[in-house]
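Undergrad: Sharing a structure with you now.
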Amino acid sequence: MAVLLGLVILSIYLFRGKTPQQESSGLGRSMSAFITVAAFLLGALCSGIAGYVGMWVSVRANVRVSSAARRSAREALQIAVRAGGFSALVVVGMAVVGIAILYATFYVLLGVDSPGAMKVTDLPLLLVGYGFGASFVALFAQLGGGIYTKAADVGADLVGKVEQGIPEDDPRNPAVIADLVGDNVGDCAARGADLFESIAAEIISAMILGGTMAQRCKLEDPSGFILFPLVVHSFDLVISSIGIFSIRNTYDSGVLGAVEDPMSILQKGYSVTIVLAVLTFGLSTRWMLYTEQAPSAWLNFALCGLVGIMTAYVFVWITKYYTDYKHEPVRMLALSSSTGHGTNIIAGVSLGLESTALPVLVISIAIVSAYWLGHTSGLVDESGNPTGGLFGTAVATMGMLSTAAYVLTMDMFGPIADNAGGIVEMSQQPESVREITDVLDAVGNTTKATTKGFAIGSAALASFLLFSAYMDEVATFAHVPFNQVDIAIPEVFVGGLLGSMLIFLFSAWACSAVGRTAQEVVKEVRRQFIERPGIMDYKEKPDYGRCVSIVASASLREMIKPGALAIISPIVVGLVFRVLGYYTGHPLLGAKVVAAMLMFATVSGILMALFLNTAGGAWDNAKKYIETGALGGKGSDSHKAAVTGDTVGDPFKDTAGPSLHVLIKMLATITLVMAPIFL
C-alpha cells in the first residue's frame, strides 16, 4: 500500500506548481517529486522496523521474565523494564537518526546555503514525506494490531472464562496462543510505530516552524532553531537510559507487595528522568536558541519546554487516577458490577466521558501559556510584530516528548509482563510465581493506559503544530497570506462537520471489525470444545493454529476499510471543494475546507480517544480489582459483570482509541504533503 501511495504522490508532485523558493533554488519538479517519495518510503520503512524491533524484543524477553519470576519479583521487574527500554531506545534513536541522515543528505546533495541554491530555512519542508510515511505505517500497524489482539482476547475470554469457567491463559483454551501473540502485535509493534511517528512528525513540524520563524526574523544563523528538536531527542536517549538503569536489583525478596509496589519503582525512575529532562532542556535551549537579537528569548523557550514536561507529568498522573484500582473511580466502577452487567456498562461509559474534562483543560492551558511565552520572547519580524508564538508551542511539544523513551519503556513493559504471566500459567508454575506476574501485569495495564494518555496529549500538541505548518505551506504556494479559517462560511463549516464525522465513522468501523473477528474466534473455540471433549481434561491438545490464522487473516483484511477512509477522505474533500471554489470564484476554498476538516477532526478525535482509552482501561482494572478478591472475587456474579465490561472496553482501549491519535496526526501529515493539490 505504501508503494501504491508513493506512486500517487509522485504523479501529484510531477504535475503541480512550483514554490518561489524552489524556483530560486533551481529545484525542479521531478527532483522535488523524487525527494518527497524517497522520504515517504524511508519513513514507512523505518516505522515498520520500529514496530518489528518492539515485537522482536518482547517475544525474547517474556520467557526470561517468567523464568526470573521463579527467583524474585524484583529481578522479573528489572528484566521486563530493561527489555522494554531496549526497544524504546531503538525506536526513539531511529526517529532521530532517520531525520538527521535525511537532513544531512539533502543538505549536501542540494548544496544548501551556497549562492543560488536552496536556503537552509526551506530544507525542513522536504522532510514532510518522512513524517507521512511514518504515520501511514503506524496507522495500519495500530489498526491491524488492535483488531488482532482484541479479537483474540475477546474470543478467548467469552468462551474460556464465561462459558467454560477456566482461568485466563489456560492452555486448554484454543485461542490462548492467539491472545498472547496479540499482546505483542497490538502493544509492542503498534505502540512502537505510533510513538516513532509522534516523534518524527513533531521533529519535522518543529523544524519547519523554526525555519519559517528564523526567516521572518532574519536571524544570522538559523540552524540552531532548525536542529534544536534533534538535539532535544538525542538528550532524551541519554536521560531515559539513566532513568531505566536507576531501576536496579538492589535486594531480593519473594513477594513484591510486602516490600514495594512496582508502580512506585517505575514512578521513581520516571521522576529521575523528568528532573534530568528539565536540566538538559534548559542547557540545550541556551546552547541552540541564543541569538543576539533577543538575548532573553532562550529563557522563554526553556520555560515553554518546562510547560511541556509538566503537561506530560500531569497527563500521566490523570490517566493513572482514572485507570488504577488504587483510586476512587475504578473502585466505584467495580462496586457497580455487584448490581449486574447493565450498571457496570453505564458506570464505565460515564467514567470515560468524565475523564475527558481534566486532560482537555491541561492541554488548553499548555497551548495558551506556551504560545504566550513564545510570543513575548522578544523575537520580532521586520515590521516589529512578535513571531515566536507558534515556535513556543513547538518547544512545549518537544518538552512533552522529551521523556518519550522512558514512557515507551513503561508501555513495552506491559505486554512483556502480560506474556510472562501467560507462560507461567501455561507451564503450570506454582501459585506464588503467578502472584508475582499478576502484580506486574496489573502495573503493566496501568502503564499502558498512561502511555496512551501521554500519546493523546502529544498528538494534540503535534497536530496543532502540523496544522500551523499546513497554513504556512498553503500561504507559500498560493502567494497570499493564509492565517485564519472562517467557520462562518457555509462550505468551511461543512468541512468541519465532515471532519468530526470521519472520527466517529472510523471508530465505528474499527470496533465492528473487532466484533466480527471475535465472533469467528468464538465459533471456532466452541467448535473445538464440542468436537474434542478431551480438551477439558488435558487428554487432547487444542488446535491453536486455527485461531491464530483466523485473527491474522481477519486483521489484515479488516484494517483496509478504516485505513482507506482515513487516507482518501481529506483528498476527496479538498478536491471537491477546490472545484466548487473554482466555479464560485473562491480561489482558496479547497484549502480552507480541508483546514476546517483537520481542526474539527483533531478536536473530536482527541476527546473520543480520551473517552475510549480511559473507559477501556478502567473496565479492565475494575475486573482486575475484583480478581484480587474484592466484592466476591473470581467466579462471583460481580466478576462476571466485570468481565462483560472488560470485553466491551477491549476494542475501545486497544483498537479504536489508539488508532485515533495516529489518525489525527496522519490527517495532518497527509494534508501537508497534498497541500498543493487543494489550490
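Even glycines carry a Cβ here, placed using N, Cα and C.
Reproduced below are the annotations present in TrEMBL:
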type: TRANSMEM; residues: 33-59; note: transmembrane segment
type: TRANSMEM; residues: 79-103; note: transmembrane segment
type: TRANSMEM; residues: 123-141; note: transmembrane segment
type: TRANSMEM; residues: 225-245; note: transmembrane segment
type: TRANSMEM; residues: 265-285; note: transmembrane segment
type: TRANSMEM; residues: 297-318; note: transmembrane segment
type: TRANSMEM; residues: 356-374; note: transmembrane segment
type: TRANSMEM; residues: 386-408; note: transmembrane segment
type: TRANSMEM; residues: 454-472; note: transmembrane segment
type: TRANSMEM; residues: 492-514; note: transmembrane segment
type: TRANSMEM; residues: 563-583; note: transmembrane segment
type: TRANSMEM; residues: 589-612; note: transmembrane segment
Undergrad: Under 8 angstroms, Cβ to Cβ: which one of 79-103, 123-141, 386-408 has the largest number of such pairs with the transmembrane segment (225-245)?
TA: 386-408
Undergrad: Under an 8 Å Cβ to Cβ limit, what residues of the same chain, 6 or more beyond the ends of the transmembrane segment (454-472), are close to it?
TA: 131, 191, 194-195, 198, 201-202, 205-206, 208-209, 212, 308, 311-312, 315-316, 319, 359, 362-363, 366-367, 390, 393-394, 396-397, 400-401, 404, 407, 482-483, 595, 598-599, 602, 606, 609-610, 613, 658, 661-662, 664-665, 667-669, 671-672, 675
Undergrad: Between the stretches 33-59, 356-374, 589-612, which one has more Cβ pairs under 8 Å with the transmembrane segment (297-318) than any other?
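TA: So the stretch in question is 356-374.
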Undergrad: Would you kindly list the residues that approach the transmembrane segment (123-141) from elsewhere in its chain, counting only those six or more residues past its ends and only Cβ-Cβ distances under 8 Å?
TA: 1-2, 5, 9, 32, 35-48, 51, 95, 98-99, 102-103, 106-107, 110, 112, 189-190, 193-194, 196-197, 200-201, 204-205, 207-208, 210-211, 226, 466, 473, 559, 563, 566-567, 659, 662-663, 665-666, 669-670, 672-673
Undergrad: Which residues, given as numbers and ranges, are at least 6 beyond the ends of the transmembrane segment (356-374) yet have a Cβ under 8 Å from it?
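TA: Distant contacts of the transmembrane segment (356-374): 300-301, 303-304, 307-308, 311, 314-315, 318-319, 388-393, 395-396, 400, 453, 456-457, 460-461, 464, 606-607, 610-611, 614.
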Undergrad: Can at least 3 Cβ pairs under 8 A be found between the transmembrane segment (386-408) and the transmembrane segment (589-612), with each pair 6 or more apart in sequence?
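TA: Answer no, regions not in contact.
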